[in-house]
């Protein structure tokens, strides 16, 4: 309330800035120029001669900006419009070979001209400039332009995250050397100071040698909030290979090999199979030259239960159906009823025995997908009578009397955005709008840990394929790496310019991929915490990510209804698949990496021929500097399946290549 302001504190009235004296202005500008060209020793000498302290120097930094703004504001605001029209005509009349790359500078120049007009209090001229040139910008920038158009006063500039991104970061434009020379020549000939200053101060040109790119190549990678990723961003080596699998032959002796073969059981066969080594488990995996060293990322030691799970997975893979364009997968669809607009996420355990769903009412529901019901652990007194050394201890500690088909987990006090099972199915992670990540025990059916590392909603959480580690994506524009036994974050991945909407572990657990509302996909090194890949090309928020089984290709999709495939060895976009008419919520690869499945809000599941796509791509022979992007989607589309007014929220391939689908039915009345 204004009445509560103390009389001795004078409110600051934002009047027109006072013009500084000429001596101080000259000193400020000189220091700014010296700092810009990294002449630090000369700047220090000038500070000493002028008797400037550090505090005075920091103040002078503000005076520089004020002084420069004053000098700019004394000019004619129509200069901005004339300069932009001149630049647009130059781009339009250029040769076709250069035109498309030159057009990349129009949007960032438009943004900074508008911000300059608002900053200099030319509100009417800024509105006119926005209405005239805003609608002609590329369609994928229109959402950002709408946010900019709301800002019409200088006082509104400070608290806007989008404007802060533009002001504090240079817009990256990838351009051939010949195209850049043509642009520089134009700027020098026209001698338009306003345009030249904006280009020099707010644009970064990632120059390459060779022929200028065509429109198709530019459009494929355009759309990032602050431009494309530079080549320097993708130069680090990425160990995308898979880790060597452990020896499972000894663990196989304790596994009932005929557990799932009731239809063919005979009295003598189990003994014969147990006495012989299984050839599937005796195979020695080849050492992948692209795999990280085994000691690079400290992974948890395999327990006996982990080895049994891996043995069972190998045995299940022997019964896997080989998929191709003639043999499509069988699809088992679970539709959630009477929950219109109440289901946010769903996931299925790796052995396809449990389904977990995150609800908008802050609840987590877990269902059993097999006849065996969900059991809880016995009481402490009952556990004292159990032999902990017995082979079936995990079965003995569970109480059959508590078995239920479904269970509800209560603890969050906001919508649950994502859930994730641990590899051994004993733990479940969930994240929520309440800014917490909760770890649930599926033996106790209660929350055992609540992780709090952010003051913003957490949108995604994923367990590592090796367990123990998990990753989160948050509204605070960061992703984080955690360990289940540590309350604190192990790594903080900062670099996105907007909400981080999704995250995904690489199959070797050494890297984490993130997708953001800034329309970029980034790859982070879990060991160093550094960003090793920056990939642009999406035209909307990225909602889902999935690595291929061999670890070389990353698939991403989101609100732009497109599926993009990235070669993470070089960070290049290699394919674009189009066909959906709504946001894509889920992507998954078949277990034998032959089919890519996508599910969307348009109530469709699409199957793509991934094996044929790889044949056409020839990743090893690809041109590293200027790769070809495959975008003939109809060539690779195998089949599209429709649901009955039920958006697809989760897809999953079982170990035997049966595809599971989770949908949420929306009645026509709710729409």
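Note that Cβ sites are derived from N, Cα and C of the backbone, with glycine treated the same way.
DSSP assignment over the domain 'TFIID subunit TAF5 NTD2' (75-203) gives 98 helix, 7 strand, 24 coil. Look at TrEMBL and you will find 75-203 tagged as domain 'TFIID subunit TAF5 NTD2'.
Sequence annotations record features per position, and here TrEMBL assigns region 'Disordered' to 1-21 (among others).
The region 'Disordered' annotation in TrEMBL covers 257-297 (among others).
According to TrEMBL, the feature repeat 'WD' maps to 409-442 (among others). For the repeat 'WD' (409-442), the list of distant contacts is 305-306, 309, 344-351, 353-354, 356-366, 374, 448-463, 465-467, 470, 472, 482, 484: same-chain residues at least six beyond its ends, Cβ to Cβ under 8 Å.
Look at TrEMBL and you will find 451-492 (among others) tagged as repeat 'WD'. Below 8 angstroms of C-beta separation, residues 299-300, 306, 414, 417-424, 427, 429-439, 498-505, 507, 509, 512, 514-516, 524, 526, 529 of the same chain, each at least six residues beyond the ends of the repeat 'WD' (451-492), sit close to that stretch.
The feature repeat 'WD' is assigned by TrEMBL to 493-534 (among others). Listed as Cβ neighbours of the repeat 'WD' (493-534) (distance under 8 Å, sequence separation of 6 or more from its ends, same chain) are residues 140, 161, 165, 169, 223-226, 229-230, 233-234, 236, 238-243, 291-292, 296-297, 299, 459-466, 469, 471-475, 477-481, 540-547, 549-551, 554, 556, 558, 564, 566, 568, 571.
Residues or ranges marked as repeat 'WD' in TrEMBL: 535-576 (among others). Sequence-distant contacts of the repeat 'WD' (535-576) (same chain, six or more residues past either end, CB-CB distance under 8 Å): 139-140, 143, 220-224, 227-229, 233-234, 238, 240-242, 290, 499, 501-508, 513-517, 519-523, 582-589, 591-593, 596, 598, 600, 608, 610, 613-614, 617, 619, 622, 624, 627, 629-631, 633.
Per TrEMBL, repeat 'WD' is recorded for 577-609 (among others). The predicted model assigns the repeat 'WD' (577-609) a mean pLDDT of 95.
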Can you tell me how the residues of the repeat 'WD' (535-576) break down into helix, strand and coil by DSSP?
0 helix, 25 strand, 17 coil
Looking only at the repeat 'WD' (493-534), how are its residues distributed among DSSP helix, strand and coil?
0 helix, 24 strand, 18 coil
When secondary structure is assigned with DSSP, how many helix, strand and coil residues does the repeat 'WD' (409-442) contain?
0 helix, 18 strand, 16 coil
Summary of DSSP states over the repeat 'WD' (451-492), given as helix, strand and coil counts:
0 helix, 21 strand, 21 coil
